[in-house]
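Q: This is the structure I have questions about; it appears just below.
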Amino acid sequence: MLLHQTMNIQVLPEHKLSSVAPLKQCNVEKKEVELILVKDQNGVQYTSSSIIPTPTSGHCAGPTRPEDDRETWGKKIDFLLSVIGFAVDLANVWRFPYLCYKNGGGAFLIPYILFLVIAGMPLFYMELALGQYNREGAATIWKICPIFKGVGYTVILIALYVGFYYNVIIAWSLYYLFSSMTRELPWLKCGNSWNSLNCTDPKSINGSILGNGTSYAKYKITPAAEYYERGVLHLHESRGIQDLGLPRWELTLCLVVVVFILYFSLWKGVKSSGKVVYITATMPYVVLFVLLIRGITLPGAMKGIRAYLHIDFKRLNNLEVWIDAATQIFYSLGAGFGVLIAFASYNKFDNNCYRDALLTSTVNCVTSFFSGFAIFSVLGYMAYKHGVDIEDVATEGAGLVFIIYPEAISTLPGSTFWAIVFFIMLLTLGIDSSMGGMEAVITGLTDDFKILKRNRKLFTFATAFGTFLIALLCITNGGIYVLTLFDKYAAGTSILFAVLIEAIGVSWFYGVDRFSEDIEKMMGFKPGLYWRLCWKFVSPAFLLFVVIASTLTSSVLKYDEYVFPHWSNVVGWGVAMSSMLFVPCYAIYKFLSVSGTFKERIAYCITPEHEHHLVAEGNVRQFKVRVHFCAF
C-alpha cells in the first residue's frame, strides 16, 4: 500500500526549540517535505522523504512574492481615486435615483444593500486581490487556471465595445458644455432653427394639458426635448437604424477632443492617469454638493426628496425590484470589465486591498444614494412649476441629464453658470470611467503581447483612434439607434456570463483555499469564512440569478416608440456572442494544444502554469488531498 502526502513542516532553528516558545510563533523558515510511506508485505513500514526548497516567508502561510519591474502607482491615493472614478459614473446619477424612487424609495435600499454585502463587495474584493497578487491584466491573469484565459479576452473585448458608445455620451456632455456658454441657454425657448412647428413653451404645459396618463418626461415637443433630439442628435432626419446618414461635424469635433483627453491621460500608464483622476474623480462630488445646496432652496424641492425617500415595503413583494437591485449593484461597482484587475495589478504587493475594496465599494454606493437628493430636489421643483406629480417628471438615462435637468436649470437665475457646472460634472463622471475601460484593454493586451508593451504609446493611440472610428456611427443622424443597440447587447448578458465564469474559475478550479493563501501572502491574514463562502457559493449563485433574470426579462429592442427591425436584434446578439465565444473557443484550443493523456491534458488546463512540472510528475493538487500544518 502506498500513501503519498505533501506536508508543510516548519524547521525551527535550535534556539527556537525552547519549551517556552510562544505557541503561535510561525515566523520562521518554511520547507515543504514530501513524505512517502510504504508498507511492505511483512508489515514493516519504511519511510522516504525529500525536502523541496521554497522561498522564505514572514508568515506561516507561505512565501512572499518576489518583486518585479512592473510600474506601480505613484501614491496610494492615485489608485483609490482611479477605482472610485471608474466605479462612480453616469449611472450613479441618471439610473440609481430613479430606480430607488420607482421601487419603493427607502425600501429599495434593503435588497440593494443586501446584494452589495453578499455579492457586490466579495466580487469587488476578489478582482482587486487577483490583480494585485498576480500583477497581470485580465487575460494573462489566467495563468492561475489556463483553460479560463478566454474569459480575459471576453472582458477585454466588452470593455472595448463599451468604449465605442460611452465616449459618444461624453461627447454629448462636451457639446452641451460648449452650448451653455451663452447668455441665454439654447434650450430655453422655441423659435430656433432646429425647433418644429409643434414646439410648445413649457410654461403653458400643466397637469390639465397633459392628462390621459402622458407624463411630462415623455413630452417630446418642449424646447429642451427638441434641442436634444433635433438640435444635437438630428434624429428627425433619420427613419431608423437603416438610415444613419453622415456623422455630425459638431459632435465629431467633440469626440476628437474626448479621444485626445483619453489618450494623453493614458499614454504614460498609471503615472499619468493617476494624476488626471485628482480632478476627474473629485470634481463630481464638489458639483453634486453645490447642486444639492441650490436644489433644496427651490420651491417644491422637499416634495421631490420625500418622494425619493418614501418607503413602500409592499414593493418588495415584486420580483422586478430584486432584479433591479441585483443588476444595479453589479453594473454600478463595475466588476467584470477587467478594470479592477488592471488597476490593482499596479499596486505594491503588500497593499491592503481588502480595506480598499470595502472603502471604494462603499463610497460608490453612498454616492449613488447622495446623488438622488441633488436630482430629486430639482425634479420636485419641476413638478411644482408645472403643477404635476413627481412621477410625471421622474425619468432615467439620457432623458434625465440631457432634457429634464437642463430644462430645470434654464429657469434658474444664473442659469448659464449652473448649466456649465452641471455638464462639467457629467464630463468628469464619464472621462474617468472611460479611462478605466481603456486601461483594461491596454493593460490586458500589453501584458499578453510583449511587443505591444514595448510600444505602449503607439498602441494606446491605436486603441483610442479605433474607438473613435467606430464611435462615428453613433454620431450620425440615426446614431442614437446604434448607441442603443450597443448599450443593450455589448455589455448586457455577455458581461454577466463572463463574471459568472470568472467566479467559477477562481472559486472552484483555482480554489478558494489557494486563493486565500495568496491573499495571506500579500497581507498577512487569510480572508474570513464569510468571504470564502461568498466566493464559493453566494457570488456564483447571485450571478446565475442575474443572468437568468436578465434573460427572462429581456424585451424587444426599442428607442421610445421606435421598434428596431428584426435583423438589428440578430446583429446585437452577434455582438454579444462575439465576446462570449472566446470562453469555449479558447478552452477547446487550450485542451487540444497540450500533450498527454486525457487526464493529463485536463490537469495542464486547470493547473497554474508555474506548477506544470508537477503534472508531469503526477503530482496535481486538484487530484489529491494536501495536509498543511505548522510545527512548533
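Cβ coordinates come from backbone N, Cα and C, glycine included.
The shown structure was predicted, so the numbers you read here are calculated from the model rather than taken from an experiment.
Pulled these features from TrEMBL for this protein:
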TRANSMEM  79-97  transmembrane segment
BINDING   G85, A87, V88, N92, S332, N364, L429, D432, S433  Na(+) binding site
TRANSMEM  109-130  transmembrane segment
TRANSMEM  151-178  transmembrane segment
DISULFID  C190-C199  disulfide bond
TRANSMEM  246-264  transmembrane segment
TRANSMEM  276-296  transmembrane segment
TRANSMEM  329-346  transmembrane segment
TRANSMEM  358-383  transmembrane segment
TRANSMEM  403-429  transmembrane segment
TRANSMEM  458-483  transmembrane segment
TRANSMEM  489-512  transmembrane segment
TRANSMEM  533-552  transmembrane segment
TRANSMEM  572-592  transmembrane segment
Q: Hey, for the Na(+) site built from G85, A87, V88, N92, S332, N364, L429, D432, S433, who else sits with CB inside 8 A of the CB center?
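A: Close Cβ neighbours, site residues excluded: I84, F86, D89, A91, P284, G334, T367.
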Q: Is it true that the transmembrane segment (489-512) and the transmembrane segment (329-346) have 3 or more CB pairs under 8 Å, sequence gap of 6 or more?
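A: Yes, these stretches are in contact.
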Q: With a cut-off of 8 Å between Cβ atoms, can you find at least three pairs linking the transmembrane segment (572-592) to the transmembrane segment (329-346)? Only pairs 6 or more residues apart in sequence count.
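A: No; fewer than 3 Cβ pairs under 8 Å.
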Q: Inside 10 Å of the Cβ of S332 (Na(+) binding site), count up the other Cβ atoms and send me the figure.
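A: 23, counting other Cβ atoms within 10 Å of S332 (Na(+) binding site).
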Q: State the residues, same chain only, that lie 6 or more residues beyond the ends of the transmembrane segment (276-296) and have a CB under 8 A from a CB inside it; answer 'none' if no residue qualifies.
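A: Same-chain contacts beyond the flanks: 78, 81-82, 84-85, 88, 93, 265, 302, 305, 367, 370-371, 373-374, 377-378, 381, 412, 418, 421-422, 424-425, 428-429, 431-432, 435.
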Q: Quick one: do the transmembrane segment (403-429) and the transmembrane segment (79-97) reach 3+ CB pairs under 8 Å, ignoring pairs fewer than 6 apart in sequence?
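A: In this chain the transmembrane segment (403-429) contacts the transmembrane segment (79-97) - 3 or more Cβ pairs sit under 8 Å.
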Q: Counting only CB pairs under 8 A, let me know which of 151-178, 329-346, 358-383, 533-552 has the most with the transmembrane segment (246-264).
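A: Between the stretches 151-178, 329-346, 358-383, 533-552, 151-178 has the largest tally.
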Q: List, in sequence order, the same-chain residues at least six positions removed whose CB sits under 8 Å from that of V88 (Na(+) binding site)?
A: A281, P284, V363, N364, T367, L429, S433
Q: Among the recorded positions listed here, C190, C199, L429, which has the most company in the form of other Cβ atoms within 10 Å of its Cβ?
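A: Max Cβ neighbours within 10 Å, all protein chains included: L429.
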Q: For a quick check of packing: other C-beta atoms within 10 Å of the C-beta of S433 (Na(+) binding site), how many?
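A: Summing over all protein chains shown, S433 (Na(+) binding site) has 27 other Cβ atoms within 10 Å.
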Q: What same-chain residues lie close to the transmembrane segment (79-97): Cβ under 8 Å, and 6 or more beyond its ends?
A: 73, 128, 169, 270, 273-274, 277-278, 280-282, 284, 288, 308, 328, 331-334, 339-340, 343-344, 346-347, 351, 356, 359-361, 363-364, 367-369, 371-372, 375-376, 396-398, 400-401, 425-426, 429-430, 432-433, 435-437
